[in-house]
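> What Swiss-Prot records for this protein is below:
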{"type": "DISULFID", "residues": "Cys63-Cys72", "note": "disulfide bond"}
{"type": "DISULFID", "residues": "Cys68-Cys80", "note": "disulfide bond"}
{"type": "DISULFID", "residues": "Cys73-Cys90", "note": "disulfide bond"}
{"type": "DISULFID", "residues": "Cys78-Cys92", "note": "disulfide bond"}
{"type": "SIGNAL", "residues": "1-24", "note": "signal peptide"}
Amino acid sequence: MPKLEMMLLVLLILPLSYFDSAGGQAVKVDGHGDGMDRYLQRDDREARITCQPRGRSKWGRCCLTQMCGNFCCPRYGCRCVYRSGRGHGCSC
């Protein structure tokens, strides 16, 4: 099988939950809540995080900045505000 076909096959097989178009980090919760802690301990990161579980799934989405609705704000210091007619948005 040529390399291009193999790459396409791999991309089709990978679950889409690994990719987050809103910029969040997909994290598997292990039931004790320390999965994200271990992620942040790498490279001595000091970050405040916000996480949002997804129903009964073990997967959730976490932001290293402020979470606003279903996406992450672009940088630290932003606030999540609700704008009537447009929904949630970041105010930086």
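Any Cβ shown, glycine's included, is placed from N, Cα and C.
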> List the Cα distance (Å, whole number) between Cys63 (disulfide bond) and Cys78 (disulfide bond).
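Each residue's Cα considered, Cys63 (disulfide bond) and Cys78 (disulfide bond) end up 12 Å apart.
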> In terms of DSSP three-state secondary structure, what is the assignment for Cys78 (disulfide bond)?
coil
> Going by C-alpha positions, which of the disulfide-bonded residues (Cys78, Cys90, Cys92) is nearest Cys68 (disulfide bond)?
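Nearest listed residue in space: Cys90.
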> Counting Cβ atoms within 10 Å of each candidate's own Cβ, which of the disulfide-bonded residues Cys73, Cys78, Cys80, Cys92 comes out highest?
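The residue with the most neighbouring Cβ atoms within 10 Å is Cys73.
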> Whole-number Å only: compute the distance from the Cα of Cys73 (disulfide bond) to the Cα of Cys80 (disulfide bond).
8
> Give me the Cα-Cα distance between Cys80 (disulfide bond) and Cys92 (disulfide bond), rounded to a whole Å.
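Checking the Cα atoms of Cys80 (disulfide bond) and Cys92 (disulfide bond) gives a distance of 9 Å.
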> Give the distance between the Cα atoms of Cys72 (disulfide bond) and Cys78 (disulfide bond), rounded to the nearest whole Å.
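Cα-Cα, rounded: 10 Å.
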> With every protein chain in view, how many other Cβ atoms are within 10 Å of the Cβ of Cys72 (disulfide bond)?
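Result for Cys72 (disulfide bond): 23 other Cβ atoms within 10 Å.
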